[in-house]
C-alpha cells in the first residue's frame, strides 16, 4: 500500500509563516503526498511550489466554522480554483443542520459543488459536534448534492477523526464517495487503522512522521 497517496499534507494554522509553507511543499515533493492542504492565501504560492509534480493543491472554504453564506462559499471556491486549487474542503453549515434546516445544508453544499466545476469537493461535517443520526443525514445530503468526499473534521473544534466516525461515514455513503479522516492520525498504525475503517484520504500535519514510522506531536 502506498500510504503516502492517502495523505493530504496539512498546514492550516493561522500563524503559519512562509518558511513553514515552503517546508510543507518541500516535504510534499519529497514524499509524493496526495496533496497539500493550505489556507486560501497560500494557494497560488503552493501551486507554483509544486509545479512538475502530481501533488495536488487542496484548500478550505467556509473554514473553520462553516457559518458564512453559500454565496460567500461559492466565491471562495471560484477564487481558490482561479488561484490554482485542485481540491476544495468545505465546511457545512453546522447550525442549519442542528436546526433541522436540511434544505439549506444541501443547497449550501451544492453551491460549492457547482462553483467547483470539475474539481474535487470534500465536505467537512465536523463530526465531533454531531449525533450519529446527524452524521448519517449530512453524509446523505453531501452525496445527494454531488460532492466527492465526506470529511470528519476541521481540526479546529473539539475533536478529530475517530475510527467509529470513519466506519459510520463509509457505511453511509457506500463505495460511491471518498471518506477523509482529518486529525487523529499521529502514527503509521493510526493511519492504517483509518484506511482499514474505510478512509480513502487522511488529513494530517504528521505525514512525514507517519511514513517514517515515528509518533508525531501536535493535534492535527
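Here the Cβ of each residue, glycine as well, is placed from N, Cα and C on the backbone.
Annotated features, as they stand in Swiss-Prot:
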- 89: active site, proton donor/acceptor (ACT_SITE)
- 151: active site, schiff-base intermediate with acetaldehyde (ACT_SITE)
- 180: active site, proton donor/acceptor (ACT_SITE)
Using C-alpha atoms only, work out the spacing between residue 89 (active site, proton donor/acceptor) and residue 151 (active site, schiff-base intermediate with acetaldehyde) and round it to an integer in Å.
8
Are there residues of the same chain, six or more positions away from residue 180 (active site, proton donor/acceptor), whose CB falls under 8 angstroms from its CB, and which are they?
8, 89, 122, 149, 150, 151, 152, 199, 200, 201, 202, 203
